[in-house]
Structure formats: structure tokens, C-alpha cells
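A.B. asks: Before I ask anything, let me first share the structure, which is written out below as C-alpha cells.
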Amino acid sequence: MLWGESMEEIVNKITKFIREKVEEANANGVVVGLSGGIDSSVTAYLCVKALGKDKVLGLIMPEKNTNPKDVEHAKMVAENLGIKYIISDITDILKAFGAGGYVPTREFDKIADGNLKARIRMCILYYFANKYNLLVAGTSNKSEIYVGYGTKHGDIACDIRPIGNLFKTEVKKLAKYIGVPKEIIEKPPSAGLWEGQTDEEELDIKYETLDTILKLYEKGKTPEEIHKETNIPLETINYVFDLIKKNEHKRTLPPTPEI
């Protein structure tokens, strides 16, 4: 079990946290970006359990290359939970930026144009958060946070992060426990930033392996100790350690000179 606790205890801790943060902010509730993936689905389920369906707004923000199945799954989550949801297509915004793949003169750039999508979605989330006095509930998990798998000032930006202390493999267990639809749990995780993209292909590592390394990293183990304990190739372990170090800037505020 997670941290040696039962699933019920984990759910109770997270839902208590959500309620407390909403009350502290004197907010009317939360807004969640629904991608149709497991992380946003679990976040939405937990927010509804914490606050009730009337205090949770879902935002579905597809563009022309979004997998229709993902939109279908996002709507399924919103409708299963009975929450209000808004579909805001971002294709025209991408065209206005002259993003690659959306105007004839530019080819798609995975980094620049992929990150642009995440930042546009962040702006829309905060627009509705401001409009209705809501907190933005982020959907990043602990695995993503450690290795920097997210867009700075994009999907990383949020007011609260309900599943931010759960590794990806733990999110999957929790999803089964709280009743997230099976088809969402079992499909390959994807940030949905370009057609056919999957997390594990982009990260070049399976989440099971990644989480095994990260849990031992948290305990202060060296790459050599992790290799000896798990038999995971040292090259893979060093790769994960490098990702953690390289992406530290995504976990901290911008550096400021001392004066």
C-alpha cells in the first residue's frame, strides 16, 4: 500500500487537503483540465469527493490533432461525476501564434509547439479560475515532477496539486480503487501534445522502472546501490538521476541575485 496506508486513508488525506486549501483561499471550488487521461481523471474524482460535484468545473481543451478518444474519455469522466464541463478548442489560438502544423509555412516543432499547447491550456484554466473564483487543481504526479515531465508555466502551473505526492504507478492503483473507467486506466499514458505521443516513449523508460528508481532515490540511495538492489542497468539509473538534476529549475522559483 502507499506509504503503508490503506487506499481509504490516502483518499481521506487528499480530500481533506483539497477542502482545506479551498476554504483557506475562500474560493468557490476548483477547475480541472480534463485530458481524458488517468491523472486528470483521478484528480477530478478526488475533487468531487472532497467538494461535491457543484464545486468542480471541468475544462476540455482539444485541438485539431487531439485523439477523439481522449475527448470522449474526458467527457465520460465529467458526465460520470455529474460536473459542469466546458469544451474550449484551442486550434484557432495555435493558428494565431503561427504554430507549426497549424499554418502552411511552418513545420511542427515538438518542443516549442508542444509546450505552447500546454501554456495556452494553462491560460484558459486560469481565466475560468479568475472568472468563477476557483483554484486550479493541477494534475501532475510525483514521477513527472521529479523528472521534469511537464511544461514550465504550462501544465505544471496550478494552485494545488492533489496527486503530487503519488508516483504514477500509485496513481494507477488509486484510479482502480476510486472507480475511474477501465479504458482510461489501461490506455498508454500520453500528454497529448502531438499525434501518437506517449509518455513512456518520450521519457524512454517504463513507469514501473522509473518509479522503482525514484522511490529508492528518495531514500538517499546512490545509483550503484539502486543497481545492486534492483538489477536495473546502471545506465538507466544514471539517466533518471540526470533528469532529476537537469529539471530542478521546474521545481523551484526562478533564481534571483542577492543584493
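Cβ atoms are placed via backbone N, Cα and C, with glycine included.
According to Swiss-Prot, the record shows the following:
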type	residues	note
BINDING	Gly33, Leu34, Ser35, Gly36, Gly37, Ile38, Asp39, Ser40, Thr139, Lys168, Ser190	ATP binding site
BINDING	Asp39, Glu144	Mg(2+) binding site
BINDING	Arg119, Lys152, Asp159, His249, Lys250	deamido-NAD(+) binding site
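Tell me about the setting of these features in this model.
C.D. replies: Non-local contacts of Ser35 (ATP binding site) by the CB criterion (under 8 A, 6+ apart in sequence, same chain) comprise Ile60, Asp70, Ala74, Thr139, Ala191, Gly192.
Long-range neighbours of Asp39 (ATP binding site) (same chain, six or more residues apart, CB within less than 8 Å of its CB): Thr139, Ser140, Asn141, Ile163, Val171, Pro189.
In the structure as shown, the Cβ atom of Lys250 (deamido-NAD(+) binding site) sits within 10 Å of 18 other Cβ atoms.
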A.B. asks: Which one of the binding-site residues (Thr139, Ser190) has its C-beta surrounded by the most other C-beta atoms within 10 angstroms?
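C.D. replies: That would be Thr139, with the most Cβ atoms nearby.
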A.B. asks: Express the distance between the Cα positions of Ser190 (ATP binding site) and Asp159 (deamido-NAD(+) binding site) as a whole number of Å.
C.D. replies: 23
A.B. asks: Identify, among the binding-site residues Glu144, Asp159, the residue whose Cβ has the fewest other Cβ atoms within 10 Å in this structure.
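C.D. replies: Selected from the binding-site residues Glu144, Asp159 on minimum Cβ neighbours within 10 Å: Asp159.
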A.B. asks: Using C-alpha atoms, which one of the binding-site residues Gly33, Gly37, Glu144 comes nearest to His249 (deamido-NAD(+) binding site)?
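C.D. replies: Of all the candidates listed, Glu144 is nearest in space.
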A.B. asks: List the residues of the same chain that sit at least 6 positions away from Lys152 (deamido-NAD(+) binding site) in sequence and have their Cβ under 8 Å from its Cβ, in sequence order, or write 'none'.
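C.D. replies: Once residues fewer than 6 apart are set aside, Lys152 (deamido-NAD(+) binding site) is near Asn115, His249, Lys250.
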